[in-house]
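Enquirer: Sharing the feature lines straight out of TrEMBL:
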TRANSMEM  28-45  transmembrane segment
TRANSMEM  65-87  transmembrane segment
TRANSMEM  99-120  transmembrane segment
TRANSMEM  147-170  transmembrane segment
TRANSMEM  182-204  transmembrane segment
TRANSMEM  216-238  transmembrane segment
TRANSMEM  259-280  transmembrane segment
TRANSMEM  342-371  transmembrane segment
TRANSMEM  383-404  transmembrane segment
TRANSMEM  411-430  transmembrane segment
TRANSMEM  464-493  transmembrane segment
TRANSMEM  505-524  transmembrane segment
Amino acid sequence: MMGVNSIQKIRTVFSNGIHYLENSNIPGVNFFLSGLFAVILRNFLESFSQRSGNYFDLSAVRFAWVFSHFTLSYLALALVYILILYYATKTKIEKIMRVVFPGMIVLIVAPLVDLITSGGRGHDILYFLPAQPVDLLKNFFTYCSDYPGITLGIRVEVLIILTGCFLYFLAKGKSIVLSLAYTLLAYSCNFIMACSPIIIYQFLTVSGFSYQYSTSYMINFYSLLILVLSIWIAWLADKTLFTVFIRDSRFFRVLHYQLMLWFGFLLGLLSADQSAAAAWRTHGAMLLDMIFSMAAICFAAIFTIVFNNISDREIDRINCPERPLINDTVNLKVYEKIGYGALFAAIYFSALAGVKALFVILLVSGLYYLYSMPPLRVKRVFLLSKLVISGSSLALVILGYVIAADTLRQFPALLYPIFLIGVTLSANIIDLKDVKGDSAFYIKTLPVVVGETKARMIIGLSFLLTYLALCLAFHSAFFTFALAAAGCMQFYLINQKHCQEWKPILLHLGSMFIVLSYCLWKLAV
């Protein structure tokens, strides 16, 4: 009876603590920063508990890589726990975060226990590694007692975390059986994270890539994992807001820029005279650089869309009344914060792809900021505004090219005038739907300056001539015929009396797929 009362008291105390964290008026950022600084403290303590050597003895670059790796791993694990707690209890994501992030202070337990039990010498904390074969099934069921890399400190730390999870499930009204089941799931996720180098090794080996454990591989792995988990959690946190961003994502425009990146990449492989498969197997980092660059483009797009919408609120009341700031589906301050968060994500993921990728993504983001925002707001300047689109497209082609070839020495010079003249004129298609709003606010677009009918003729011809010019870069009769036909169809669609913008844009994207398919075919033969 006394034991039951003690358990009930513990459960009550724990429930009160959870209730306080979930419902306090403390700003949400405080909880995240508490978790982040707890991780930094863990990293500091662990540097002294590693018997093989203090992390502070590493070079500055190596030190930065090691601590980035550890920080990302703990953040990824925290996101996994957030998902487990959500699906187990259906508690709001924001409330779960307010429990999980400050709870990360538990991470200091492992190095402290290792230091105390070893008389200050510490123990090496390690993953399960491919180079050190162990019986994973046995270690799973024996709480990793057969592997020295999972130290006593780690086992105590994980035990505290699992106990906390069990009590959390009980506090949320789950039965003991269900609470134990969800706690076992949490333990399984911990174990999988400890095995992640082996999982990566198996996946890459099956895919035909070579693999050797390294800090950079783990940073890339956790960055990809955090990307997926963050999108998942963002959807669960506010499905309405998430849907608003999806609907306002300018999908076709973002896809255009993704295709520009891949166009440049395939051109780079062609100039290097190697097949895509051979290049990726020889330089597996290329694939990761492309994935991170694509993610950076998406986040840069969110940043530019957010601040373009903020700047265009008055115009959008006429042209696009369905925009989120016009129909009040999103708060302005929240909207701005998301925009800045997207910029940070764009910088982070482009940096993972290398300094050149970081520079290009900053360039594209900067061009669109200058395009949309005062004081310069170059979208008001006739034709110069469309140089932002063509310049950004060219920059992403260049980025894809240097990812594959690492140099621009053999970059086709013909592409410069094609983009800076042909694409600049063709890009005016986006203004055909905005004539009323642009006229009302004296924004000098091509349809406003020369009239809508003449503008359609100019844009249609520019598409046709741009496609024909692109044929000069590829010596293929079939390719020339396909693009010429697409150019003629583009001219027809744009000059229809009731032209719908999505039709010529969809044809443009289809034409780009033809170009990419031709490049892939050239690589394969």
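Here the Cβ of each residue, glycine as well, is placed from N, Cα and C on the backbone.
Remember, TrEMBL labels are computer predictions, not curated facts.
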Enquirer: Going along the chain, which residues at least six beyond the ends of the transmembrane segment (464-493) come within the CB cut-off of under 8 Å?
Expert: 412, 414-415, 417-418, 422-423, 425-426, 499, 503-504, 507-508, 510-511, 514-515, 518
Enquirer: To the transmembrane segment (411-430), which of 28-45, 147-170, 342-371, 383-404 is linked by the most Cβ pairs under 8 Å?
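Expert: The stretch I would name here is 383-404.
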Enquirer: What stretch, picked from 28-45, 65-87, 147-170, 182-204, 342-371, has the most CB pairs under 8 A with the transmembrane segment (216-238)?
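Expert: If we count Cβ pairs closer than 8 Å to the transmembrane segment (216-238), 65-87 scores highest.
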Enquirer: Cβ under 8 Å to the transmembrane segment (182-204), counting only same-chain residues 6 or more beyond its ends: which ones?
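Expert: Distal contacts: 73, 76-77, 80-81, 84, 88, 127-130, 136, 139-140, 144, 150, 158, 161-162, 165-166, 169, 174, 210-211, 213, 217-218, 221, 284.
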Enquirer: Under 8 Å between C-beta atoms and at least six residues away from its ends: which parts of the chain pack against the transmembrane segment (342-371)?
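Expert: Contacts of the transmembrane segment (342-371) (Cβ under 8 Å, skipping residues fewer than 6 from its ends): 219-220, 223, 227, 257, 288-290, 292-293, 295-297, 299-300, 302-304, 306-308, 377-379, 385, 388, 391-392, 395-396, 398-399, 402-403.
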Enquirer: Hey, which bits of the same chain come close to the transmembrane segment (147-170), Cβ under 8 Å, at least six residues off its ends?
Expert: 10-11, 14, 18, 49, 81, 84-85, 88-89, 99, 103, 106-107, 109-114, 117, 123-129, 132, 134, 139, 176, 178-180, 182-183, 186-187, 190, 194
